[in-house]
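Chemist: Can you keep this structure in mind? I'll have questions shortly.
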Amino acid sequence: MQQGTLMRKVKSKNWKKQRYFKLQDDCMTIWYQSKRTGKIESAFSISDVETVREGHQSEVLQSLAEEFPPERCFTIVFYGRRGNLDLIAGSAEEAQCWIQGLHQLIESFPLTSALVSRTWIRDWFQKADKNKDGRMNFKEVQRLLKMMNVDMNEDHALRLFQAADKSESGTLEGEEFVLFYKALTQREEVLSLFQDYSEDGKKLTLLELVDFLRQEQLEDEGTEELAMELIDKYEPSETARARHVLSADGFLMYLCSPEGSIFNPRHRVLWQDMTQPLCHYFISSSHNTYLIEDQICGQSSIEGYIRALKRGCRCLEVDCWDGPNGEPVVYHGHTFTSKIPFREVVSTLGKYASSHVVSPCPADPDSGAEPSYPNPWVLKGAGGSCLQQHGDPGNSKSNGDVPTKVPTSPSPTPQELKHKILLKGKKIGRLEDMLDGPGDEAPDVSDDDNGAEAEEERRRAKVGGTQHNSALQKDKESLAQALSDCVVYCKSVSFRGFQEARSHSRPSEISSLSEAKARKLIRDVGNEFVRHNTWQLTRIYPSGMRTDSSNYSPQEMWNVGCQIVALNFQTAGMEMDLCDGLFSQNGRCGYVLKPPFMRDKETLFNPSDPDSREGPGPTTLTIQVISGQQLPKVANSKDGAIIDPLVRVEIHGVPADQAHQETKHIENNGFNPCWDETLQFQLHVPELALVRFVVEDYDKTSRNDFVGQFTLAFTNIKPGYRHIHLLSKDGTSIPPSSLFVHIRITE
């Protein structure tokens, strides 16, 4: 076996260890071992890798920029919360070899059902083959079944083993193990459904497949063309494809495919009208985006921005404070969180952001430190022509000229603002600010409910001239004015009530409310809140008490049409599942069009009174939970432990629609549990409902353990027999784990 490539694995500026890296013969697995001890430290699969970044694109590699050129550096980024792997190759040629090779392997690894199955088989065989002789005896097979979450009768397991042992050698190898696996994974419930529409029980003719698509899958347009496409795409037999028939294997592959998913494939792409005003959309938004841990001592990192942007986030937060040598830094003010240079943040946004709303809110100066005003020329240098600086999106210039005209027209559309960056912040020294009278411009105290901070900032504004020499003050005023001029469509204003907003506010302004204040308004004046959000943006942020970076439920804020509902993206849980579920549609562009009754300024809708919604009566959602496939084991479970899975279906929507039901648990079967239970829900406002499927490991003495979940908007559900491909706690795919369900929607 070749020794592998010697590279530096880097964790910090002072931690650089040499390791040998090698791609295994399966072209799927990469391991690395210590140069000193020769011990294999870790291994990962190509399926775990999200992307590869060239050059100094991590804070660690940036700190080593003077020591190692970018041509030798690259970062391997993994799905989920697994830490990135920063590497320094011995030469630029060596680095390019790995970078290009990894890109090719990633691109050639589509997660088709067939490939997932082959990968799954190979992985389990390697895990169970303890003596690494390429064969598996019955004892090893029994151990494998425990590892795979299967509690099978020994006699039945032996029969399957002997049937697959064609060579009668007492062991399984190669294709024999594949036969054993296929017998183990026989889907009786799918085979029964197949035979219901197959006259001979062996194949579906084109007309039989059309009948199934129309009657069960409710496909009513171009059904014959669709049937032909499915046969050509998923039938593994060339002979069957030529005869335009679908075998049982092809039928299963279709049901496990994107076309057989519960998520309507037409809604995966950009399908909504993007020419409405910004206030007519829900916008994916993060809170303190730079933090990747807690709010007090956590790490600040540009990785927080990269992860949020790649997750579809369109509203980011940048807290700027004075740093060394007059350069601003980004961190959570008055805490022990680490700091990152503002320039690095802006550079990252320039690389990864396109058509995003960026919020550079100065932190509240409670302890005497002056908040820093980000240099607008740094912003322009990194953002280039992406920085929106003009009232007319169609006439934006890219030469850095600062406009003098402030727009008072309705907010622009996402279509008009494609590839642009908007700044949300306060404006100073403009005519529209003077309309309320001098000194009346209250600060946007974004992340604190306490009005004392607002009063302190006003006091500082009055006496600031006595605290600094005139040259420094003049310089800061110049920078502040230039930054103010960059704020066009998202001018921050304090919220003084809906009556005040109707009388004095403009569509180009935005208010920030704490979760507690928003809840009070929802409870007291729900309809007014909905009406307000039809013409102006509202941002909601977490309580300052959430120092652990926990989240509130965004659903209650969406129920009144709040567009920018900021969450801590670094914290997994139900709240982020809802966020990912809502914004997984529409091409994951981060904008979701609100329903018509939430875009009408005269709407009567109030989420606490579902009858206030104009339209048809309640919708009935019927879900038959049929079976599960290859569910993962619970993290840190004991050796030999097998899960007792149950499925809970949750409805998140207006108060009248909030509900959950669950199946019974199946003892000792995480491999192919069968529930065959029917759950039913009445939805009064289906346009706002999110449906969350959760699989848990039942425990009668303590809290159930999380196994997997999938969340989507009700409007994206495709009725019929569907597979639900489960996601992990942090929202990453866990193939081939899935649920098989039958969905019916009636009004």
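Heads up, residue numbers simply count up from 1 along the chain you see.
Any Cβ shown, glycine's included, is placed from N, Cα and C.
Bear in mind that TrEMBL entries carry predicted annotations, made automatically and left uncurated.
Checked TrEMBL, it gives:
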{"type": "DOMAIN", "residues": "1-107", "note": "domain 'PH'"}
{"type": "DOMAIN", "residues": "116-151", "note": "domain 'EF-hand'"}
{"type": "DOMAIN", "residues": "152-187", "note": "domain 'EF-hand'"}
{"type": "REGION", "residues": "380-472", "note": "region 'Disordered'"}
{"type": "COMPBIAS", "residues": "434-455", "note": "compositional bias 'Acidic residues'"}
{"type": "DOMAIN", "residues": "483-599", "note": "domain 'PI-PLC Y-box'"}
{"type": "DOMAIN", "residues": "599-728", "note": "domain 'C2'"}
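Any idea what these are sitting next to in the structure?
Modeler: Taken as a whole, the domain 'PH' (1-107) shows an average pLDDT of 84 in this prediction.
Within its own chain, the domain 'EF-hand' (152-187) has Cβ neighbours under 8 Å at 121, 124-125, 134-138, 141-142, 145, 252, 627, 629-630, 671-672, 740, counting only residues six or more beyond its boundaries.
Across the domain 'PI-PLC Y-box' (483-599), DSSP classifies residues as 49 helix, 21 strand, 47 coil.
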Chemist: Using DSSP, how many residues in the domain 'EF-hand' (152-187) fall into helix, strand and coil?
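Modeler: Reading the DSSP string over the domain 'EF-hand' (152-187) gives 21 helix, 2 strand, 13 coil.
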Chemist: Work out, from DSSP, the number of helix, strand and coil residues along the domain 'PH' (1-107).
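Modeler: Across the domain 'PH' (1-107), the residues distribute as 27 helix, 45 strand, 35 coil.
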